[in-house]
């Protein structure tokens, strides 16, 4: 296996669907792409508006870098060359990466634009299996027609068998199928044979929708969604984002209320509901209406802001000043009223 790089045609066209390049040993070389077949190594012949392709539209510069090739694209056209839908300035070189989309001509989507679209890919293959381009035309004389496309053929005495007998799947098809993104482009790549019979069209492959005909297993139930259905009526579920699990929602630690106006009986308790509620939670009573709090000795705070705390045992509301605890302590720990503490001790 030798390092090579390929240009795979996307969409329709009258040229070859797959070009494989294996530069000769040395510092590097240059390959030309354009509409002049006698000057270029890759002939660009779009089905629509061939005038958008220049005689020498672009050049591929290959330089040796370790065991691989560093390939750059240079634009020489009048209509433009794009790499991944970004126009390349005329005369500017850009290093290509595996999987880049090359557009020769005006900008537009494949199938609707009179441009040539190719996928650039770096592979390791046997160059003779793909009739790789070795000697570029730019190194030969101007009128020499034999200096452009020189395929690497096997040596004398090597078996001349078609690729279909070497493996169940042709090697060209194996490389093309290794790019997952190409399956969405509905390509019809050509496989090459060394027996001299020319390119062969592979059998038409079915679309992804036709291949997956077996019924798939039903997706597992989302436990998070079922938990949200149970707690759908709580205020916490309307405030907390759906991406957070229910266990991360703050359970009960907003029972401490500091209000300028007396709290109203509206609103539900925060947190997960009890499985066996012992009593219905009671909201703090309104100012001036009955007993201010459930403390045996209510001191009736006269401040503008009154702090309330709810017992975690009996759900009864108390003034923070009446039960003798601090606001910070009520926020950080569970609060039990004197009656509940006596019940726990007994």
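Cβ coordinates come from backbone N, Cα and C, glycine included.
Look at Swiss-Prot and you will find 31-88 tagged as domain 'FHA', backed by sequence analysis. Along the domain 'FHA' (31-88), the predicted structure has mean pLDDT 86.
For residue 78 (phosphoserine), the same-chain residues lying six or more positions away in sequence with a CB closer than 8 A to its CB are 54. For the recorded site, residue 78 (phosphoserine), the DSSP three-state label reads coil. What Swiss-Prot lists as phosphoserine is 78, and the listing cites similarity to another entry.
The region 'Disordered' feature in Swiss-Prot is assigned to 136-168 (among others).
Taken from Swiss-Prot, the feature compositional bias 'Basic and acidic residues' covers 138-147 (among others).
Per Swiss-Prot, compositional bias 'Polar residues' is recorded for 190-208.
Annotation source Swiss-Prot lists region 'Disordered' at 190-289 (among others).
What Swiss-Prot records for 250-260 (among others) is compositional bias 'Basic and acidic residues'.
Annotation comment: Swiss-Prot describes 297, 299, 319, 322 as Zn(2+) 1 binding site, evidence class sequence analysis. Within the same chain, residues at least six positions away from residue 322 (Zn(2+) 1 binding site) with a Cβ under 8 Å of its Cβ are 293, 295, 297, 298, 299, 301.
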* Structure fact -> Cβ neighbour count (10 Å, all chains) around residue 299 (Zn(2+) 1 binding site) is 12
* Of all the binding-site residues given, 297, 319, which residue's CB has the most CB neighbours within 10 A? -> 319
* Helix, strand or coil at residue 299 (Zn(2+) 1 binding site) [DSSP, three-state] -> coil
